[in-house]
Every structure is written in C-alpha cells, then in structure tokens.
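Per TrEMBL, these features apply:
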ACT_SITE  LYS222  active site, proton acceptor
BINDING   GLY26, SER27, GLY28, ASN29, TRP30, GLY31, PHE57, PHE114, ALA170  NAD(+) binding site
DOMAIN    232-306  domain 'Glycerol-3-phosphate dehydrogenase NAD-dependent C-terminal'
REGION    1-20  region 'Disordered'
Amino acid sequence: MAPSLESQRPPLEDGETAPSKVTIVGSGNWGSVAAKLIASNTLKLSSFHDEVRMWVFEETLPSGEKLTEVINRTNENVKYLPGIKLGQNVVADPDIEHAVKDANMLVFVTPHQFMEGICKRLVGKIREDAEAISLIKGMEVKTEGPCMISTLISQQLGINCCVLMGANIANEIAVEKFSEATVGYRENREMAQKWVGLFSTPYFMVSAVQDVEGVELCGTLKNIVAIAAVGGRNRKCADAFARSGGKRSFDELEAEMLQGQKLQGVSTAKEVYEVLSHRGWLELFPLFTTVHEICIGRLPPSAIVEYSEHTPKFSLLDGSTQLY
C-alpha cells in the first residue's frame, strides 16, 4: 500500500482512540464484495486503518499463478469476483494467522461448514480485545441442538460477535445496485454502529437492531427459500437441477457451475431438516422439509409447487397442530 494513503488521514483529536485494524476472514464472492465495501470506508474514516487484510485460501489458477499474488497485483479477485476492483488498500494474505495478527475487527465470511475448523486454528492467535461480525448464513448442528455461527465464534474465540445479514445478491452489490442489510447485536450498540459505519455506502444501506439470533436465523433460512424461489446464486444450480429432473446432484452442479463456491442453501436445508426432525416439527415447516427432500432426491423438483397443499394450522396457545 502506498504510504501516502496513511499521510492523507486527518490527525486524531484529543481523546480519540487508535484507529481499528480490519481483517476479513474469507475471500469468495461475498467476501470479496465485503472487502470492496469496507476498503472504501477505511480510507474515509479516521477511526480505521487504511489497510484491509483479506485472508485467501490459496489456490493455483489455470495460469499457474497463485490467487493471492494475482489479487495483490491486479486489485481484483479474478476467480470469485472478476471485473470488480476491490480497492488499492486491500491486501490478500494466504496465511490466516498472519492475516488476523493485530486486527481488532474481524469480519468472518466463509462457507459455514468450514467455520469450526477455522475457529480452532485461531484460538490464541487473535487480540483479546477483538470484536467480530459474521456475514455467514448457516448453522452447526450438534447433539445438543443447533448452534448459530455467531455463537460458535463467540464460544470458541471468547469474543463478542455481531452479525450482518440481508436478502441480497453479492454480484448486485458489487456493481453498486441499491441494497440493504441489518446488523444484529446483543448489548454494545456503540460497537454495532461502528460496524454499520464500516459497511455503509450510498448504495448499501445498513441499519442495526438488538437481536443477533433473529437477524442471523432469518439470513440463514433465506438461503433455503432462495432455492425454492430459484433466486440468487442458487438460480443456475436450481434451474439445472429441475431441468435434469433431479437426476444430477447438487454437489455435481455446484462443482460444475460455481467455480469452487458452495451452494449454501443445500447444506442449510439439510441442517434445518435435522433440527426439525429431531424436534418433531417437520409438518410445521413444509417448505423447508420439501426443499431438503427434493435436494436429496426423495421428491421430484415438481413437488415444490405442491408443498402448500398440506399447510399446517398451528395454535401458539395450546400447541395443537391441524393439517389441511
């Protein structure tokens, strides 16, 4: 990064704290878009260091070059977000421990199934005063019940973790189409507003609410609904799955069409199905149940238009359920 960037920063006023250092853990499609948003704001706001570190799971491109080297040379994630400049102050780093070193604001944005392993690698490697935010839609299903990703991060790393969720498509945010998202926080509203400031742009409106679990769960379940609605990143794969009559698995389509990215709705549908099945709630959530059973080939794709024929009527007062 050019030294002149730091010299352009307004001097700190008396009583101001040292600027925060931001690291993004993840560099896929959404992670790269997050890097673009964040990098544009760290240059403008004196409360942040200019440089934004982005941990990249190292890959060798068909050209023989390392992905991190190409990102740092071209300022573009040519594999997961081609054609979009991330910001000259974004530095790709293939060493996760080095990437998080000295950072006191950690942005987690990786496929949710990798998060437990990532957290184990980071135990004892991050600052004690670090704050985290999860942009990850998904959950871990454990024997004692479901565990949201923000809870996993907080428990394993011993730090506070907010969430940022929205019914958005990363590629639309990348080209600066108007979008909205919500930060969910528990108690520290000041920290939540700092996250809002880090992500907000004229085309990406961010607000905050004191409800981590509600925001995170809505973001997680959105991916299942997106498969049913053939929307977002799920669109190509869901359409191809339906056209094949369910004969091609989502794993096969994912490998062929998403260039190494994960179709999060499929794994989330499985996890939600396991939770509902364990608690005897499958009939209460026919859409989620049907999507999973289509994904595993138990039902044909056409079943998605029939799931509502047996919509349950559930009484919160007496807990009774009737099927129509």
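The backbone N, Cα and C atoms fix where each Cβ goes, and this holds for glycine too.
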Return one of helix, strand or coil for GLY26 (NAD(+) binding site), based on DSSP.
coil
Mind computing the max CA-CA distance among GLY26, SER27, GLY28, ASN29, TRP30, GLY31, PHE57, PHE114, ALA170, which the record assigns to NAD(+) binding, rounded to whole Å?
20
Protein Cβ atoms within 10 Å of PHE57 (NAD(+) binding site), excluding its own:
15
Cα-Cα distance linking LYS222 (active site, proton acceptor) and GLY28 (NAD(+) binding site), given in Å to the nearest integer:
19
Any idea what DSSP makes of ALA170 (NAD(+) binding site), helix, strand or coil?
helix
Rounded to the nearest Å, what's the C-alpha distance separating PHE57 (NAD(+) binding site) and LYS222 (active site, proton acceptor)? Just drop the number here, would you?
26
Is it possible to get the count of other C-beta atoms within 10 angstroms of the C-beta of GLY28 (NAD(+) binding site)?
23
Give me the CA-CA distance between GLY26 (NAD(+) binding site) and LYS222 (active site, proton acceptor), in Å, as a whole number.
21
Ten-angstrom check, please: count other Cβ atoms within 10 Å of the Cβ of TRP30 (NAD(+) binding site), all chains counted.
26
Between ALA170 (NAD(+) binding site) and LYS222 (active site, proton acceptor): CA-CA distance (Å):
14
Quick one: mean pLDDT on the domain 'Glycerol-3-phosphate dehydrogenase NAD-dependent C-terminal' (232-306)?
74
Within 10 Å of the Cβ of GLY26 (NAD(+) binding site), how many other Cβ atoms can be counted across all chains shown?
25
